[in-house]
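Peer 1: Right, I'll just put the structure down here and ask away after.
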Amino acid sequence: MIRFDRRLVQNFDWVMVAAVLVVALLGLLNLYSATHLSRGYGSTVFIKQVYYFLAGFGLIFLIVLVDYKILIKWNYPLYGIMLILLLLVLLVGGEVAGSQRWINLGFFRLQPSEPAKLLLVITLASYYYRKDTGKGFTLKELLLPMGLTAVPVLMILKQPDLGTALMLVFIFVSMTLFVKLKWSTLGVLAGIGVSFLPLVWQFYLKPYQRQRIMTFLSPESDPLGSGYHITQSKIAVGSGATFGKGYMQGTQAQLDFLPERHTDFAFSVWAEEWGFIGSLFFLACYFFIVLWGLNIALSARDKFGVLLAFGVVSLLFWQAFINLGMVLGLLPVVGMPMPLFSYGGSSLLTTLAGIGILINIRMRRFTTP
């Protein structure tokens, strides 16, 4: 139901919009630097990202028109659409660099694993809201959300896309720990998770993914092969020193040493050109969004709003955490863009849709549930 309550307009979260604008504009600035020497490709990528940026902000204003509680009713249909799209990727999806992750719509290349993150948040928030009795969830009550998470995780691993699959697991773990659990249930869950690791390692990870995980412990052992990404990223970040080399002056990016510099390693470009001070500024802006989102979660008008906002914040936090760990060589290279900052239409639109949900929740905290 669309409402035009004056209180909704008065409580529109312009602070969140301003913070998101700052980070997204920094991303566009960085994208131009990373791609402007790429002989035509760079200008195309930049213009596309501007279009995604404008479409994403339009999406925010559409999302805030509808009360977020309508998602409780539509969560399972949305989940079903997610599975259909993930199945279509495996059946007819386009393959790029050995990965089958995209559906070509002509005007847009959709990566269904990106909206799958947000749709899983909605699904889990709806389930925990409906089933919460205040006594703590039992293992039996967690079987369904475990299954709802496992199905898309396994489908995404088949693409293969280890980074996004891990994100879904982190979302499930974060949201499950956020609700009340019995200690015995927590112990069993941990045991189940550990027991599945060897199976995933043996049957779902591709050889190059296993090699990347092993290489990150010692990238110097294969600097021109599986350790190349980490090595070049660490050189870029380290050479930025305190104040950086200057805009469009980074040698690793401009001389084409740094791979995936407009997507997974966009932050490496930023760190080289703007240094430690510039990196701190970016991280302060980004994690302000995370903390502001957490504040929205804690002040939501109802339990569903709390769970939904916390899930979106978890998505924003873990994706940035994994990306930073990856570009600094502290985590394996798993393919994870920096939200709002890296190039990618599906990623940017999904993130801005999540921001729209956060603003929606904050706008309605003063209205009657």
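Residue positions begin at 1 at the first shown residue.
Glycine too: its Cβ is placed from the backbone N, Cα and C atoms.
TrEMBL annotations: computationally assigned, not manually curated.
From TrEMBL, for reference:
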TRANSMEM  12-29  transmembrane segment
TRANSMEM  49-66  transmembrane segment
TRANSMEM  78-98  transmembrane segment
TRANSMEM  163-179  transmembrane segment
TRANSMEM  186-204  transmembrane segment
TRANSMEM  274-294  transmembrane segment
TRANSMEM  306-334  transmembrane segment
TRANSMEM  340-361  transmembrane segment
Peer 1: Top stretch among 12-29, 186-204, 306-334 for CB pairs under 8 A with the transmembrane segment (340-361)?
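Peer 2: Answer, by Cβ pair count: 12-29.
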Peer 1: When you check the transmembrane segment (163-179) against the transmembrane segment (306-334), do you get at least 3 Cβ pairs under 8 Å, counting only pairs 6 or more apart in sequence?
Peer 2: yes
Peer 1: Using a Cβ-Cβ cut-off of under 8 Å, list the residues of the same chain that are 6+ residues beyond the ends of the transmembrane segment (12-29) and lie near it.
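Peer 2: Apart from its flanks, the transmembrane segment (12-29) reaches 46, 49-50, 53, 60, 64, 247, 266, 270, 282, 285-286, 288-289, 292-293, 296, 338, 340-342, 348, 352, 355, 358-359, 362-363.
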Peer 1: State the residues, same chain only, that lie 6 or more residues beyond the ends of the transmembrane segment (306-334) and have a CB under 8 A from a CB inside it; answer 'none' if no residue qualifies.
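Peer 2: Non-local partners: 68, 71, 117-118, 121-122, 124-125, 128-129, 162-163, 166-167, 170-171, 174-175, 178-179, 209, 212-213, 215-216, 219, 229-230, 233-234, 237, 264-265, 267-268, 271, 283, 286-287, 289-290, 293-294, 296-298, 300, 342, 351, 354-355, 357-358, 361.
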